[in-house]
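A.B. asks: The domain 'Major facilitator superfamily (MFS) profile' feature in TrEMBL is assigned to 15-449. According to TrEMBL, the transmembrane segment annotation covers 51-70, 82-101, 107-129, 141-167, 173-194, 261-285, 297-320, 327-348, 360-382, 394-415, 421-442.
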Amino acid sequence: MAGRWPSASWTLICLTGLSALGGFLFGYDTGVVSGAEVFMKNDQQLGLSDLEIELVVSVTVGAAALATAVSGFPMQVYGRKPIIMVACVAYTCGSLAVALAKGLGLLLLGRSLLGVGVGLSSMSTPIYLAEMAPSEIRGMLVACFNLNIVLGQLVACLVNMACTTIGDDDLRWRVSMGIAAVPAVIQFAGFLALPESPRWLAQNGRIHSAVKVLRSLRGAGTSEEQLQEDIQALGELPQDDIGDLASVIRDIRSKVHYQRIFRLGMGLMAFQQLTGINTIMYYGGDILERTGFADSSSVALTAVLAAAQGLGILISIPLFDRYGRRPLILCSTVGVVVSLVVVGLSFLGGVENKVCQATALTGLLGYLVSFGVGLSPGPWIVNAEIYPLSVRGVGNSAATTVNWLFNFAISASFLTIVNSVGIGASFLGFAAIGVVGFMLLLRHLPETSGRSLEDIELLFRVSRNDTGQWASFGREDYTTAGWRADLIEDEDDERRPLDK
């Protein structure tokens, strides 16, 4: 697909930009609290204890996990767009509630609403983008959402630094956390004019509306032949296939290839967190202080860390569709493991040594760039693609919930682990997890780029004994290995490629 670049309409460009605002809010609202909680501690009027501040920080992650867990099926029933707009409302109300809070109760309510916004946005926006985008640039558009998460974290860091110039401690944290309402209102207003996903419309029998949306998404340079192929694919989608939640669960339990898809999607999200990314994003200042940097230097360097991950994602955006998801995720994992080993050994060598201090910082930067190249956007892209339409909402909900739960578990236990075994051993432990994850991905991660969302399901409809064989293929192997779209039912009511 490297030689073909599809024409994009203004509708597609606008919806990508507005969807990216959801990623920005995701990053900003999870990142701003790291600086705002310092302002809260110094705010004598607020008078919060350390335990209460911990609750203010952590309640967002818990609310995000809960929101993703319960909203997957509603997204299948009501569509992608309404869930994104509810997330905008939650972002706006949460930001205003926090900014106006006079005590712990309204603070917790506001931070919980922000968590609902983060959870809904992180689950629904990648699917919305994947279903809107031409297959040739689908990876790039979903990666833009991930890039804006990091951009939001970086801007949050810069806003916190700017708010230190405000003389009133009470005003500092209110400004830094309240201004997130502005992009949320902009996103909500913009989405009023945007269409629903054509695939969701087609699934619900609204074929004419789906075709109209599809035409608006393709630019003037799109050939009529390609457009007709896309329209024909919409017409072949199963209609009224939503059913109730119990029937969706029965489908998942009875179809082995569905279970393969769910294991891959949830496993990718768990692995992303188990490599320790949010220990660095949440505790970057503390880690840098342990390397010997002064407090003032460590605060500034946290912005550099966020920028390093953003640089990696920026590099990867055009590469996911050119070279594929699988090579970038695997190469990213190798870079992450090597960098974690460098950081771990540097700490074990003693950071009072200037060489070890510089090596530790270099390893952290290498880790974040490597993570950004593949493991940061890759799991979000793959999860937005692999689930069949009838379970796409539930599947992405389950995977995103796993991501948030492991996010919480790793970040909540990191300092305890460090105090028990040391920070060097902790990073080496993450490296060991990375090695195990690489071996599993090498065997079980297929290539999904350049294929329609409907064709991707066929990659998982193979004999259970062939899993390792198909997962080891590269992108070109899928088109040259003699696979056919003709499928026959086997004795387990599973589908597999028809033998030649």
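Backbone N, Cα and C define each Cβ position, glycine as well.
A description of the local structural setting of each listed feature is requested, covering burial, neighbours and distances.
C.D. replies: Long-range contacts of the transmembrane segment (51-70) within the same chain, counting only residues at least 6 positions beyond its ends with a Cβ under 8 Å from a Cβ of the stretch, are 29-30, 33, 37, 40-41, 104, 107-108, 111-116, 118-120, 122-123, 397-398, 400-401, 404-405, 407-408, 411-412.
Residues 15-16, 19, 22-23, 25-26, 29-30, 33, 48, 55-57, 59-68, 71-72, 75, 80-81, 83-84, 86-91, 93-99, 101, 138, 141-142, 144-145, 180, 184, 197, 380-381, 383-384, 392-393, 396-397, 400, 403-404 of the same chain, all 6+ positions outside the transmembrane segment (107-129), place their C-beta atoms under 8 angstroms from a C-beta of that stretch.
Within its own chain, the transmembrane segment (141-167) is flanked in space by residues 16, 19-32, 34-36, 39, 125-126, 129-130, 132-133, 173, 175-176, 179, 281, 299-300, 302-303, 306-307, 309-310, 313-314, 316-317, 320, 372, 376-377, 380-381, 384, which lie at least six positions past its ends and keep a Cβ under 8 Å from the stretch.
Tertiary proximity for the transmembrane segment (261-285) is limited to same-chain residues at least six positions away from its ends with a CB under 8 Å from its CB atoms, namely 31, 34, 153, 252, 298-299, 301-302, 305-306, 309, 333, 336, 340, 364, 367-368, 371, 375-376, 378-379, 382-383, 386-388, 395-396, 398-400, 402-403, 406-407, 409-411, 414-415, 426-427, 430, 433-434, 437, 440-441, 444-445, 457, 460.
Sequence-remote contacts of a segment are chain residues at least 6 beyond its ends whose Cβ falls under 8 Å from one of its Cβ atoms, and for the transmembrane segment (327-348) they are 275-276, 290-291, 312, 316, 319-320, 356-357, 359-360, 362-364, 366-367, 369-376, 378-379, 382, 422-428, 430-431, 434-435, 437-438, 441-442, 445, 474.
Below 8 angstroms of C-beta separation, residues 126, 130, 138-139, 142-143, 145-147, 150, 264-265, 268-269, 271-272, 275, 277, 280, 287-288, 291, 301, 304-305, 308-317, 319-320, 325, 328-336, 338-340, 342-343, 346-347, 351, 399, 403, 445, 448 of the same chain, each at least six residues beyond the ends of the transmembrane segment (360-382), sit close to that stretch.
For the transmembrane segment (394-415), the residues of the chain that approach it from at least six positions outside its boundaries are 58, 61-62, 64-65, 68-73, 75-76, 119, 122-124, 126-127, 245, 248, 252, 261-262, 265-266, 268-270, 272-274, 276, 278-279, 282-283, 286, 379, 383-384, 386-387, 426, judged by C-beta separation under 8 angstroms.
Tertiary proximity for the transmembrane segment (421-442) is limited to same-chain residues at least six positions away from its ends with a CB under 8 Å from its CB atoms, namely 267-268, 271, 274-276, 279, 287, 290, 326, 329-330, 333-334, 336-337, 340-341, 343-348, 414, 471-472.
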A.B. asks: Restricting attention to the domain 'Major facilitator superfamily (MFS) profile' (15-449), give the mean pLDDT.
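C.D. replies: PLDDT averaged over the stretch: 87.
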